[in-house]
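According to TrEMBL, the features are:
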type: DOMAIN; residues: 16-92; note: domain 'TECR-like N-terminal'
type: TRANSMEM; residues: 97-119; note: transmembrane segment
type: TRANSMEM; residues: 139-161; note: transmembrane segment
type: DOMAIN; residues: 177-330; note: domain '3-oxo-5-alpha-steroid 4-dehydrogenase C-terminal'
type: TRANSMEM; residues: 182-201; note: transmembrane segment
type: TRANSMEM; residues: 216-237; note: transmembrane segment
type: TRANSMEM; residues: 258-280; note: transmembrane segment
type: TRANSMEM; residues: 286-304; note: transmembrane segment
Amino acid sequence: MAELGEPAKIKNYVFFEVEILDPKTKGQLCFLDKVDPHSTIGEIKCLFHKAYPHWYPSRQALKLDPKGKALKDDEILQNLPVGTTATLYFKDLGPQVGWTMVFLSEYAGPLFIYLVFYFRLPYIYHHKHAFTSSPYPAVTTALLLFSPSSLACVCHSIHYIKRLVETIFVHRFSHGTMPLRNIVRNCLYYWGFAAWLAYYINHPLYTPPYYGNKQVNYALAMFAICQAGNFSIHLALNNLRSDGSKARKIPYPTKNPFTWLFFLVSCPNYTYEAGAWFSFTIMTQCLPVGLFTLISFIQMTIWAKGKHYTYIREFKEYPSLRMAIIPFLL
C-alpha cells in the first residue's frame, strides 16, 4: 500500500497527481489523482471541466507559472518539466465563440451594411436623395453597364460573399474559439469601416474617378485577379490538411498559376487580399477606402511576418527566397 504523498502505482505503472491552483490566491481549485502520464493538457482540461462545469475546456488556460504562457492542448503531461505531482495554474479566458461564428459575424455585417447605403434608405442622406439612383448615370465602364458606385457595390458584395463561402466550406481552424469580447471589437472594426466607406461611395455628391472608364476598368481587372488568387490560396492551404491532420506543413505551388506566388512569399493570401483592396481604392478613388486598405495592409503584414518566422523556425528546409507578403521586399 502506498504511503501518503507517494504517487499511486499499479503493476509498476506510475500515475501522476495534478493540482490546479488559483494564480492569485494560490488556493487549490482541483486535485486530480491517478492521472495517466500520457494525458494531454486538453484531456486535463476536460477532467477539470467535470469539477467546474461552467469552465468548459476552451475557456481554460493552464500554465506552469502564474505569469507564464498557456500550455497547448496537445502537450503531454510527462513531457512537461514537472514531477509526478504537477502544479498547474488556471486562468479563466472568459466566454468563448467558435471561429466559424466569429467570421460569419464579421463578414455578414459589412455585406448588409453596404447594401443599406447603396439603396439610399431614408434617414441616411438628405430626404430628397432617398431611394435615388447614382447622380452620374451616364458614367459607365467599358466592361459593365454600371455606374462606378454600382460596380463598387458588386465588387464589395462579391468580396464578402466569397469570405462567407470560404468560412463555411473552405477554412480549417487550428484554434477552436475566440474570446467573446474580441468578436465585439472585430465586428466594430469591420462594420464601422464598411459603413464609413459605403457612406462616401454611395453619397449623392460622389464624383467618379479622375481618369474615368480607363481607371475603373484596370482596377476592376486587378480586383478580379486578386479575388481569384486569394480563393486559390485558401483552397491550397485547405488541401494541406485534407487528411485531418493539424500538423503544420510547408505550402508549395500547385498546377494552379495563382498559387505560384508561393515561390516568392509565405502568405500570398494576404498579398492577394491587399491587392484586392488596393484595386478597390483605385476603382472608387475614395479616401476612407484608402485608409481602410492601409490599416488592413499593416495588420496583414504583422500576421504574415509572424507566420513567415514560424515557418523558418520550424522547417530547416524552408525556401530562402520567400519573403513574408511582398516579393523581394517585405
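A Cβ is built for glycine as well, from the same backbone N, Cα and C atoms used for every other residue.
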Message: For the transmembrane segment (182-201), give me same-chain residues lying six or more residues beyond its boundaries with a C-beta closer than 8 angstroms to one of its C-beta atoms, as numbers and ranges.
response: 97, 101-102, 105-107, 109-110, 113-114, 116-118, 124, 149, 152-153, 156, 284, 286-289, 292
- prompt: What is the three-state DSSP composition of the domain 'TECR-like N-terminal' (16-92), stated as helix, strand and coil residue counts?
  reply: 17 helix, 29 strand, 31 coil
